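Asks: Residues annotated as ATP binding site in Swiss-Prot: 170, 171, 172, 173, 174, 175, 176, 177. The site 'Required for activity' annotation in Swiss-Prot covers 363.
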C-alpha cells in the first residue's frame with residue numbers, strides 16, 4: 001500500500017493557494033446591430049471611450065466616433081465584409097496610435113504604420129498617438145530659420161520658414177505636387193526629415209512620387225504615408241494625423257521636419273462621407289460642423305519648438321485642390337485662415353507656359369520673410385517691386401498702342417524676369433544660384449538678350465559659376481550674405497559667361 005504523506009499534500013495545496021491569482025479580466029463586449037458602407041452600429045458598449053479602438057470578431061479594427069443613447073457608431077478600418085449582424089465587438093482600451101522611429105525612413109507605410117512597399121517589417125521603437133496635442137504657446141519659438149524649397153519664385157517672394165504652415169492651392173493639374181516634391185528633393189543637404197502624405201490619390205501617382213524621390217536619392221530621409229483612393233474613408237481621414245505623428249517623433253528629438261499633406265480636400269471629403277453615414281447633421285456644402293476643427297487641430301501641430309524642448313521644427317505644406325480657381329469655397333477659405341500664407345497656382349499661367357505657375361500677386365507668406373537669408377533679402381525686395389510694376393504695365397499696355405521708351409524698357413525687363421523665374425521640374429536651385437539669377441535679371445544684364453535665349457543663358461551662367469574657379473558660390477554659401485566681394489565676383493562671371501554665350 002502506498003504511503004500517504006499528509007504534510008507533503010498540505011504543502012502542495014498551500015503552494016497552489018499562494019499562487020492563485022484572483023485578477024479578473026473584464027471585457028466590455030457589444031453586439032453589431034447593422035453594418036455597411038464602412039460604418040457599424042454596435043449595441044451594448046457601455047464603457048467605451050470616444051475615439052477608442054474596437055476589435056470585431058474577424059479582427060477588423062474600428063474607431064468609436066458616435067456615442068449615442070442606445071448604440072455606438074463605429075467607423076471601420078477594413079472592408080468589414082466578414083462582419084455579420086449579431087457578431088460580437090470588444091473594446092481594446094486603446095486610443096488610435098501609430099508606431100514611430102528612425103526605421104521608418106525610406107519606407108512607404110499605410111496610415112496604421114504597416115509597410116506597403118514589400119521591403120519587410122519595420123522595427124519600431126515607440127508609438128505615438130495619432131491625435132496628439134499641439135505644442136502650447138510657451139513650447140514654441142517664433143519662426144527664425146528658412147526652409148529652402150529650391151524654387152526661385154518661392155524662396156525670393158513667398159519665403160517659407162521652419163515651423164511655418166504654407167498652403168499650396170490651385171486647380172487640378174497645375175503643378176501642386178511638383179512643388180511639394182521639389183521641396184523634398186531640395187532638403188538633401190539640409191538635414192530635414194520629410195514626410196509625404198498621399199490622401200485619396202491614385203496608387204500610380206504615389207508610385208510615381210516614390211520613383212522620382214528614389215531617382216534623386218531623396219528617399220533616404222523621407223517617409224511616405226499612403227491612403228489611396230481605394231482605401232476605406234477611415235484610413236483617408238486618419239492619414240494626415242499619421243503623417244504628423246511620424247514627423248513629431250523627429251521634431252521632439254530636435255530635428256527639422258517637413259510634412260506635405262497631398263491633399264486635404266480629399267481628407268475633408270472622406271470625413272464628410274463618414275459623418276453623413278453616421279447621420280451627423282450636415283452644414284455648408286454638406287460638410288459636418290466640425291470640419292474646420294478637422295484641419296485646425298492637424299495644422300496647429302506644425303511648430304518651431306523652443307530651445308528648452310530641443311529646438312526641433314515641423315513645417316507643414318498642406319495642398320488644397322480648387323474647382324475652377326474658386327478660392328472662396330468652404331474648405332479653401334478654412335485652410336487659408338488656418339495657415340501662415342498660401343502659394344496660389346494659376347491655370348492660365350500654367351497653360352501659357354509659365355511653370356511653376358505661381359500667381360505672385362495673390363500668394364503671400366505671413367511669417368517667412370523673418371526667416372529669409374540676408375543674401376536673398378538683398379535682391380528679392382527689388383524683384384517684387386519690378387514684377388508688381390511689370391504686371392500693372394502689362395495690363396495697361398494691352399490698351400495703349402504708343403508707349404514711351406522707359407515703359408518699353410520696363411516691359412522688356414519684366415518679360416525677361418518672368419523667364420528667369422521659370423524652372424523645370426525636379427531641378428531645385430541653391431540659394432547662391434537663385435541670388436545670381438535674380439541679380440542678373442533685376443540689374444539689366446539680360447536686357448540685350450532675346451527673350452527666347454534668356455533661359456539658355458541662365459543655364460550657362462549657372463554651369464559657369466559651378467565649374468569655374470569663380471569665388472561667388474563659395475562666398476554666398478559660407479556667409480549667407482551677398483557681400484561686395486560676392487557682387488564683384490558675380491559681375492565678372494556674368495561678363496565672362498555672356499562673352500562666351502554671345503559668340
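Any Cβ shown, glycine's included, is placed from N, Cα and C.
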Asks: For residue 175 (ATP binding site), what is the tally of other C-beta atoms lying within 10 angstroms of its C-beta?
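Replies: Its Cβ shell of radius 10 Å holds 19 other Cβ atoms.
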Asks: When you measure from the Cβ of residue 172 (ATP binding site), which residues in the chain that are at least 6 apart have a Cβ under 8 Å away?
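Replies: Result: 321.
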Asks: Other residues with Cβ within 8 Å of the Cβ centroid of 170, 171, 172, 173, 174, 175, 176, 177 at the ATP site?
Replies: 321, 345, 350, 357
Asks: Compared by Cα position, which of the binding-site residues 170, 173, 174, 176, 177 is the closest one to residue 363 (site 'Required for activity')?
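Replies: If we rank 170, 173, 174, 176, 177 by Cα distance to residue 363 (site 'Required for activity'), first place goes to 170.
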Asks: What three-state secondary structure does DSSP assign to residue 171 (ATP binding site)?
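Replies: It is coil.
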Asks: Under a three-state reduction of DSSP output, how is residue 363 (site 'Required for activity') classified: helix, strand, or coil?
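Replies: In the DSSP reduction, residue 363 (site 'Required for activity') maps to coil.
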Asks: Counting other Cβ atoms within 10 Å of each residue's Cβ, which of the recorded positions 173, 174, 177, 363 comes out lowest?
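Replies: 173, out of the recorded positions 173, 174, 177, 363, has the fewest neighbouring Cβ atoms within 10 Å.
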Asks: Quick one: give me the count of other CB atoms within 10 A of the CB of residue 176 (ATP binding site).
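Replies: Other Cβ atoms within 10 Å of residue 176 (ATP binding site): 24.
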Asks: Cβ-Cβ under 8 Å from residue 171 (ATP binding site), same chain, 6 or more residues apart: which ones?
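Replies: Counting only residues 6 or more apart in sequence, the Cβ neighbours of residue 171 (ATP binding site) under 8 Å are 321, 322, 323, 324, 325, 345, 347.
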Asks: What same-chain residues, at least 6 away in sequence, bring their CB to under 8 Å of the CB of residue 170 (ATP binding site)?
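Replies: Long-range Cβ contacts: 176, 321, 322, 325, 344, 345, 346, 347, 357.
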